[in-house]
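Database features, via Swiss-Prot:
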- SER22, HIS23, ASN24, GLN25, GLY26, LYS27, SER84, PHE167, GLY168, TYR169, ASP170, LYS190, HIS195, ARG196: substrate binding site (BINDING)
- ASP83: Mg(2+) binding site (BINDING)
- ASP83: active site, proton acceptor (ACT_SITE)
Amino acid sequence: MTQTHSSEKRRRLEPGRLVLASHNQGKLREIRELLSPFGLETVSAAELGLPEPVEDGNSFIANAEIKARFVAEKTGSVALADDSGLCVEALDEAPGIYSARWAGEPRDFDKAMEKVHQELTAKGAEASKRAHFVCALSLCWPDGHVENFEGHVWGNLIWPPRGDRGFGYDPMFVADGHQQSFAEIGAEAKKAISHRSEAFKQLLAACLR
């Protein structure tokens with residue numbers, strides 16, 4: 001897969017249609033909010049009726065690139081993919097790239113959070129509750145050029161989960177320096193500190209500003 005290194009000149013994203021390579025409504029909402037100041041015309045892979053490709057990469061970046069390449073090839077437009085997940089220190093960084101799969105089909109993140117809690121409980125009371133979210137972004141052009149970015153946010157897991165303003169594992173994650181979970185702090189506060197926001201800051205600085 002093509003990797004873009006910091007020493008190479010970044011390709012700018014020109015005005016026009018940008019296809020968001022996602023079927024996850026929570027992600028789509030956050031991505032559109034982050035892109036809203038730039039006047040891009042966005043449409044999702046779900047809205048275009050595109051299937052989801054098999055994500056068989058061994059990293060967040062690899063899976064984001066698989067999705068972005070698939071959509072760029074199918075649509076002939078620039079595509080942006082997000083692959084993200086929760087990495088728990090005491091679980092050897094699981095669920096990691098399998099974060100969505102832990103939620104099963106159809107996606108049930110209450111079940112996924114319960115599984116994380118059960119796995120940690122099995123480790124014993126001394127198990128670390130440290131965890132971090134990762135967000136990998138892959139921006140792919142129809143000619144195959146790719147720009148990749150990755151953001152992180154560190155914190156601790158809580159149980160029981162709290163809040164109903166997020167999605168995924170948000171209700172069980174409290175970022176360092178905060179007392180509320182990602183599902184309690186609200187969209188604007190989350191946007192200021194999240195892994196997705198960090199990855200987007202890199203993308204915007206490199207390809208849009």
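Glycine is no exception: its Cβ is also placed from the backbone N, Cα and C atoms.
Residues within less than 8 Å, Cβ to Cβ, of ASN24 (substrate binding site) and separated from it by at least 6 positions along the same chain comprise PHE167. Of all the binding-site residues listed (ASP83, ASP170), ASP83 sits in the most crowded Cβ setting, with the most other Cβ atoms within 10 Å. Of the listed binding-site residues GLY26, GLY168, the Cβ environment within 10 Å is emptiest of other Cβ atoms at GLY26. Note: the CA-CA distance between ASP83 (Mg(2+) binding site) and SER22 (substrate binding site) rounds to 9 Å. A count of other CB atoms within 10 A of each Cβ picks out SER84 as the most crowded of the binding-site residues SER22, SER84.
Across the residues the record lists as binding substrate (SER22, HIS23, ASN24, GLN25, GLY26, LYS27, SER84, PHE167, GLY168, TYR169, ASP170, LYS190, HIS195, ARG196), the two Cα atoms farthest apart are 21 Å from each other.
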